[in-house]
Amino acid sequence: MYDPERRWSLSFAGCGFLGFYHVGATLCLSERAPHLLRDARTFFGCSAGALHAVTFVCSLPLGRIMEILMDLVRKARSRNIGTLHPFFNINKCIRDGLQESLPDNVHQVISGKVHISLTRVSDGENVLVSEFHSKDEVVDALVCSCFIPLFSGLIPPSFRGERYVDGGVSDNVPVLDAKTTITVSPFYGEHDICPKVKSTNFFHVNITNLSLRLCTGNLQLLTRALFPSDVKVMGELCYQGYLDAFRFLEENGICNGPQRSLSLSLVAPEACLENGKLVGDKVPVSLCFTDENIWETLSPELSTALSEAIKDREGYLSKVCNLLPVRILSYIMLPCSLPVESAIAAVHRLVTWLPDIQDDIQWLQWATSQVCARMTMCLLPSTRSRASKDDHRMLKHGHHPSPHKPQGNSAGL
């Protein structure tokens, strides 16, 4: 139960391209209950949630945040196979966007205020980073927090000489005190601010602190998190986040001033429209609200920013390339064009990788040796007992084994 005397924290779940949801939820809180954000002790974030927490604390304009998210979606959808295309480098997109948009004193603004969830590669443990000494450190930490193994690349980036990957691998909804932390997630589950669905299905799972209801709606959302849909569909997540945050405020009696009740309309119905037809308990990513009056309660600022971000800024060449006959032809030519594009992308990445190639190769050698050693210990128990005896003998003579772990700069190849 909400206690107005407490200072609350907020935790934003990692969600890939679904970060639009966090934008809508935060805007609702800032308009309807600004004291929650103004007096917040800490902002926690993982992956896209960490990106949102940093941009919010830095007071980036809403229009700029929407522009960054929409540009990232457009880049991901600009190729035939989307985010899997070799020309799409999500690490570079995130790094370039952060370097361009974040203020130079971002490390001073967010230190002690924002906790970024990372997963340390060496032991798989979760690490919360909250102190930064430069803008580059903030960018490195955010790139590490967004690095999905294999999907984002083969070699993990580094932060302060240590390799890290997506914080969602170990803790996707980081909290220090669950009783005083408001959790925000775009997935159907049991978090404070998240989509709700009326259904007889009560099954849900908890994966690295992320609560997921077992429903087709979450399956679609998980797919959209890695393979974004059209910009209009992704933009609608802002409205979903805004309404879910409003429902949370209403249920806990936090709203400033009298507000119109939305409790009957904010819960997604058991049957939603898909292509004009009712489909069981399926809740698609495209929102299905039954009360048109809901839209009157939405923030004019959000509606304006979203409409502006969705506007088509493509030139005539892009419009021609998006014509159905041209797209069909491009798919037919894909078996021939993809190998050539892959070779070009590989050469380009190799050239940009050259400054870090020595450190990264050393790390790959160390990682390979660790994997081989663990496999050997699992397959040959005698080796495990012999290694234990050797360690005991070394400790007895005052020696402490310390495996060599070369560290390098961020790579993300």
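Just so you know, glycine gets a Cβ as well, placed from its N, Cα and C.
Record features, source Swiss-Prot:
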MOTIF     45-49  motif 'GXSXG'
TOPO_DOM  64-413  topological domain 'Lumenal'
ACT_SITE  D166  active site, proton acceptor
CARBOHYD  N206  N-linked glycosylation site
CARBOHYD  N209  N-linked glycosylation site
REGION    389-413  region 'Disordered'
COMPBIAS  394-403  compositional bias 'Basic residues'
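Annotated features, which come from Swiss-Prot, shown on the structure.
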{"residue": "D166", "record": "active site, proton acceptor", "Cβ contacts under 8 Å, 6 or more apart": "G14, C46, S47, T119, C144, S145, C146, F147, I148, P149, S152"}
{"residue": "N206", "record": "N-linked glycosylation site", "Cβ contacts under 8 Å, 6 or more apart": "L212"}
{"residue": "N209", "record": "N-linked glycosylation site", "Cβ contacts under 8 Å, 6 or more apart": "D171, N172, V173, P174, V175"}
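Mean pLDDT across the motif 'GXSXG' (45-49) comes to 96 in this model. Taking H, G and I as helix, E and B as strand and the rest as coil, DSSP gives the motif 'GXSXG' (45-49) the counts 2 helix, 1 strand, 2 coil.
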